[in-house]
Amino acid sequence: MIPPSPDETTVLDRILSNAANDTLEPDAAVELFLQSGLTPEVLADVWGLADKESKGYLSREEVMVALRLMGWAQRGVPVKHELSDKCAPIVILSSFNPPAASEKFSPNDYPPLSPSAQAQYQRIFERAGASEGVLSCERVWQLWIKSELPVSTLATIWDLVDKRKEGYLNAAEFCMSMYFIEGLLDNHFTSLPNTIPLHIQNQAFEPLPSVDVQSPKSPLFAHQPIKISDLEAWNFSPSFLDFTKRQFTDLDTAGSGFVTGDALVPFLLQSTLSPHALSLIWDLADPSHTGHLSYQGFTIALFMVYRARCGLDIPNALPLSCNLLLSAVSEETEGTDPEQPEDDEAPTSPFLSVHEPRRRDSSKDPRLSLYENKPPSPPPKDRTPDAPNQGRSSKSPRRTPTTPTVPPKPDEYFHQSPASDNDALHAELRRIKDSLSTMRQENEHLHTALEAAQEFQAQLEEEREESAQASARINYLRKEIHKRDEKMLQLEASCKDNERLGMENATLQARVHELSTKLQNSTAELEVQKLVHHELREESESLRRQAEEMRESMHVPSSGGDEELQMLINEDLARENTRLRRQVQELTESVAQLQSASVELDAQKQIERSLTRENRRLQRRIRDMESGNVETQTQLRRRVEELTTENQRLRQQASHQTAPRVQEESSDVPPPAYEEIAVVS
């Protein structure tokens, strides 16, 4: 898809200004689509082409596609997806395109359309591929885009020249459009009028004598036998009546005074009007649905054809002035329309069976709004070419269509005498007043229904907003309740954890208290063991000192003398030495025993140090402390008992060794020989 133009971007931004995430919801889309004035069938096709995935909403790109398709549809082009890839006319929406203020201009503001320019435009028209005297909307836009004018300006030009809203342009309408395009490009004028100036319309519809502009299939309608001013004023000029007489005579080959549909259909199709427009014209010319036309009906049909070709509207009913003018013509016409029974089931327009257009029902007319039908009224004297379009758009898409007023039969006026004209006029006025009164009542009823519908819609909107707020509040409360439930579960789990930790803490505190008591007892026992160890150490020192004294006492200095004395001394010394050796051996054994006791004391110290380390690790080894402490106490008691037993044994042994030594020292008297030697010397 080609990127949107600046004008399309502006419209798109305004539409999506209040939308969330650049998406158009279904309710907003329906409200927007109804502002285009298109029929529900066309809008349904637009929605189906835009929402291909059937999501139920439109994205930004899909809204752009829908706007382009509606822009084409408003110009009479059948919607199809290929149109979304082309530069499209700007869509006309009632809320985004307010009606422009009336603009006054003079003929001097817009120069006349020269014959040379008209001939040039008609050559372009033919070369562009015109078929049956018309050029399709797509081909027209392909030519217009080359001018590089803004798309909004081109859309305004299209709306100016395409008064019939059929989706194509004839040669005269194409010439007028090219006149405005070149005028803007050449700066002949700077703005577009609200309506096409009358002199431009007359010049565009005038035939060119030097240029053959008609299509091979429409030679009859190539020139205009009646002026636009006469068409607007519903004035049947003598030249036009002469023209219609000649055409009617040519078609009425049997001279029966009427022309059948078989002869009229090919004739009217040369006008390049759509079958639907021709069907509407036939219903006006043949109100009794006879299936054939008299001269009066043929004149009305031809008059309406030229009105439609000039861009004027096709009314719902003929004005009274038109019937009165034709009544004078009927007196001069030879042959009358044969009487036909007024039967509602009589044949209708032949265009319905050939081309199947829709019946003339204002509620189904694509040029009118779907829900509004304007009552027929005679055209004003100062009527501008765009006046018929003023009632084509509807401001109230919900209005119910009303039944159009059926015009009186033309034959009733044709056969009335001049004396009864006033009575007929009064009767027609009364009928019109009654119709207006009925329409006023219906209008008031519709206004009341519309106000009630608007109030109901406002209430629905308020209830919808309240429901949305309540839903949001409910969702918020649900989230809060969910959060509260989660916090309650967390709180219950925390309470259970606190209870479990409290029980474990109480158990640990009792365990610590028990271990502390055991530690105090172990510490007291350790102090007792230290005292016992200190006593054993003192006793060991005392034994060492005694052993030293015994060694010193064993040392006897040598003395001199004669050999005999020496021999005696030696013998005595030998005996003494032998005895001393025995004592030394005994002492050595005692010392060895004491040394072993000392080693045991050192081992006891090591045990005490290990006990100290064990006491330091009591807090970390809470579970193993009790068994280890019991084993340690048992080992300590056993060791203390062993040490106590060993100490008693050593004491007893020491006491036994000390007693003989004292006796020996006390009985150690020198031999007589020693004394004698001492005296002799």
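A Cβ is built for glycine as well, from the same backbone N, Cα and C atoms used for every other residue.
Some features that TrEMBL has for this protein:
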- 31-103: domain 'EH' (DOMAIN)
- 38-73: domain 'EF-hand' (DOMAIN)
- 117-197: domain 'EH' (DOMAIN)
- 149-184: domain 'EF-hand' (DOMAIN)
- 248-319: domain 'EH' (DOMAIN)
- 331-346: compositional bias 'Acidic residues' (COMPBIAS)
- 331-422: region 'Disordered' (REGION)
- 355-367: compositional bias 'Basic and acidic residues' (COMPBIAS)
- 386-403: compositional bias 'Low complexity' (COMPBIAS)
- 645-660: compositional bias 'Polar residues' (COMPBIAS)
- 645-681: region 'Disordered' (REGION)
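Remote same-chain partners of the domain 'EF-hand' (149-184), defined as residues 6 or more beyond its termini with a Cβ less than 8 Å from a stretch Cβ, comprise 5-8, 71, 74-78, 87-90, 92, 110-111, 113, 117-118, 121-122, 124-125, 130, 133-137, 140-141, 190, 192-193, 195-196, 200-201, 204-205, 213, 272-274, 277, 308-313, 366-367, 385-386, 388-389, 392. Sorting the domain 'EH' (31-103) by DSSP state (H, G, I as helix; E, B as strand; all else coil) yields 35 helix, 1 strand, 37 coil. DSSP labels the residues of the domain 'EF-hand' (149-184) in these numbers: 25 helix, 3 strand, 8 coil.
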